[in-house]
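Read through the structure below, which is laid out as structure tokens, and then see the notes.
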Amino acid sequence: MDTSGLSTDAEANHDASIQATAAVFCFLSIVTTALRVYSRKKKGVPLAADDYLIFLSLTLAISESVLYAYGAKHYGLGRHLLGLNKQQLVDYAKVYYVSGYIQPTCVASAKMAILILYYKVFATKKFRTWVWIIGTIVVLWWIGVVLAEALICIPVAYNWNKSIKGHCGSSEWNRNLNPLPWILTDAAILVMPIPMIRKLQLPRIQRLGLIGLFLLGGIATLSSIIRYIIVFRISKDITWTIADATIWNIIEAHTAVMSGCLVVLRPVVIRLLPGSDFFDKLRSKTSRSRYKEKKSSSKNQGDLERLQVPAPAISTVRHPTTIDLERGEEVTDYTNIYNGKKHSRVFS
């Protein structure tokens with residue numbers, strides 16, 4: 001391997017960035033998942049398959065975050081290649097091998113949770129057909145990625161130990177093509193429910209709020225696109241330059257979980273939107289409070305002032321809804337430090 005131009009600074013690292021990202025997004029995804037459970041309980045809806053898929057996705061996202069944070073601390077992730085010893089490089093490669101299974105399973109679980117919810121909520125035949133089509137693509141994509149991870153190097157240990165007998169296939173197709181179905185299914189899942197929501201007999205502000213909830217799922221799509229771009233920037237100083245891709249791996253996994261939770265937070269959000277009971281009660285309480293203050297302060301004023309009362313709170317008529325929304329690669333260029341040959345790996 002040509003090491004010209006590589007830094008030998010053994011102290012430089014991205015530990016803090018990786019660990020901070022992991023901590024912040026673990027917290028956010030745990031909070032949104034807790035709100036999801038609260039939303040279910042608030043509506044008296046039992047936990048179902050989509051909820052358990054989100055729990056699986058959350059567990060995997062947290063596991064991957066811990067793995068990356070630990071790898072940054074002990075295995076050289078986010079440090080310059082020439083500053084690492086042989087064992088650190090081996091451990092680094094193992095971290096990314098394991099993440100090659102965790103990441104796609106985490107995100108695929110979140111996608112399937114959303115699609116299952118869509119299937120239960122939107123009853124039209126055409127819509128459900130599209131759910132089946134996209135769900136099939138997601139499952140096939142996941143199977144393909146997992147098989148590629150398992151079979152790209154034979155035996156498995158050859159992924160991190162090139163001193164043993166073995167071989168690896170080319171991973172260029174994985175880097176260039178594999179993320180595309182992922183991003184396209186993200187976009188499809190994002191826009192699918194919008195036409196259906198627009199038809200709901202709800203106050204306009206509530207419809208817009210619900211659409212906004214679904215569009216927040218676009219954060220996960222954006223994360224996938226950014227990660228896809230960043231992996232092409234990874235240089236021969238692999239353990240150093242892969243830090244940014246690692247950070248976006250963490251973000252992508254957790255935003256997938258959060259997107260899966262946001263779509264069922266209607267009971268939480270709808271109560272905070274104008275036209276909901278929350279605002280009616282708030283207006284009513286405010287009016288009563290102001291009236292009491294006015295009455296107290298105007299005790300000795302004229303009859304006209306004493307007769308002034310606040311306008312009654314506006315009552316919003318709830319229109320029936322037609323559906324119930326409540327149920328409804330990273331590139332790892334692992335350098336062969338044993339025989340001087342360069343081996344490129346891609347993990348989704």
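Glycine is no exception: its Cβ is also placed from the backbone N, Cα and C atoms.
Summarising the annotation, TrEMBL assigns domain 'Rhodopsin' to 35-269. As annotated by TrEMBL, transmembrane segment applies to 20-39, 51-71, 101-119, 131-160, 209-230.
Away from its own ends, the transmembrane segment (20-39) comes close to residues 47, 51, 54-55, 58, 61-62, 65-66, 68-69, 247, 250-251, 253-255, 257-258, 261-262, 264-268, 326 of its chain (Cβ-Cβ under 8 Å, at least six residues beyond either end).
Across the domain 'Rhodopsin' (35-269), mean pLDDT in this model comes to 86.
For the transmembrane segment (101-119), the residues of the chain that approach it from at least six positions outside its boundaries are 48-51, 53-54, 56-57, 60-61, 63-64, 67, 127-128, 131, 134-135, 138-139, 141-142, 145-146, 149, 182, 185-186, 189, 192-193, 217, 220, 249, 252-253, 256-257, 259-260, 263-264, 327-328, 330, 347-348, judged by C-beta separation under 8 angstroms.
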